[in-house]
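Features of the protein shown, as given by Swiss-Prot:
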MOTIF     1-29  motif 'Q motif'
DOMAIN    32-206  domain 'Helicase ATP-binding'
BINDING   45, 46, 47, 48, 49, 50, 51, 52  ATP binding site
MOTIF     154-157  motif 'DEAD box'
DOMAIN    228-378  domain 'Helicase C-terminal'
């Protein structure tokens, strides 16, 4: 089914066509017709399935059909958990709404609230993060929500996980009861919909627990804690043309490894993205990595939910994820839109339980014809490679650089705290190896505490 088959305004259709959106994906085919009829929607769909257009297209059509314009004020609120996801949604919205008269705006933490003060009430559609939106609702006399027709909550489950439940409840106090609500989550959890108290929502789920994309190859490596840096250096150094994402546990760990790999002077361009960066820095990195054909992004789980980085060849999980769901979200950054992708997870003794847990979830399942294509959904041990040991080189770099030494200590301290407070199912064995990790980097544990 194509977008042109929908009874939508020609200006919206033109914006879609101009940006290469011609055929509808499954979630769009199921959601858009019901949303156009005015139904409330509770949808669950994995990231990368096209749910952004599933809520933006009916929103634009609703407001255009009402003759909405500048004098009508705010007609739609789109609330999403992270600044990067808000930026991504706003980019798509701006492009497909190009030929309509609707004004669009973006408000999010990390930018000056004063700069947004007078602009927000001039917008017909606002994309926002929950904390900044509530701040405007409470403090900005220019923002009126009296005419809001549509409320969209994207990645609603993630907002709850991030502690925004009370913030969302406060926001709802400012929104008219008579409105259309579109709620989307990456996973089908009823708890995320309860706060909205919808009377007769349409439930749409295309969440497929039975398997990963058939074009995804998944590998694991069992190793000693101190060998992780050797494996990562070997992979990056041997693959200068790939576009990849490496997931770490903490912001300080991301920063340290970015500084370290800059000094190792490989041919790959290294990008760094974490919650510890300023908003301007995060936006700049996000935009640059999206445009790059190759390069390696070092990030925390900030980059594992919702963000759509095109043509990512490989995902490396440097640290074992806290649970199977996090593993799934991370590997979901590659093998998107029917393209091939590879995933590697580095495990130390005690963390192999992750593989068992994935098996128990039933998400490891071979599909018909996969063997013929040389692709397997099984998570298998990674192919044998000649690993270059750089431990001594890393020690010398850490000792000779005050900045690197400082961030190495911060990384190790925060990593130990992270393991202490995270799920003990995978981390107990790793915590005992922390002293050895200090030795591998040549820093004193006593001075770090």
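Glycine is treated like the rest: Cβ placed from N, Cα and C.
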DSSP three-state assignment (helix, strand or coil) for residue 49 (ATP binding site): coil
Residue 50 (ATP binding site), number of other Cβ atoms within 10 Å: 19
PLDDT averaged over every residue in the domain 'Helicase C-terminal' (228-378): 85
Residue 45 (ATP binding site): tally of other CB atoms within 10 A of its CB: 25
Least Cβ-crowded entry, counting other Cβ within 10 Å, from the binding-site residues listed as 49, 51, 52: 49
Secondary structure composition of the motif 'DEAD box' (154-157) [DSSP: H/G/I, E/B, coil]: 2 helix, 0 strand, 2 coil
Helix, strand and coil totals (DSSP H, G, I; E, B; other) for the motif 'Q motif' (1-29): 16 helix, 2 strand, 11 coil
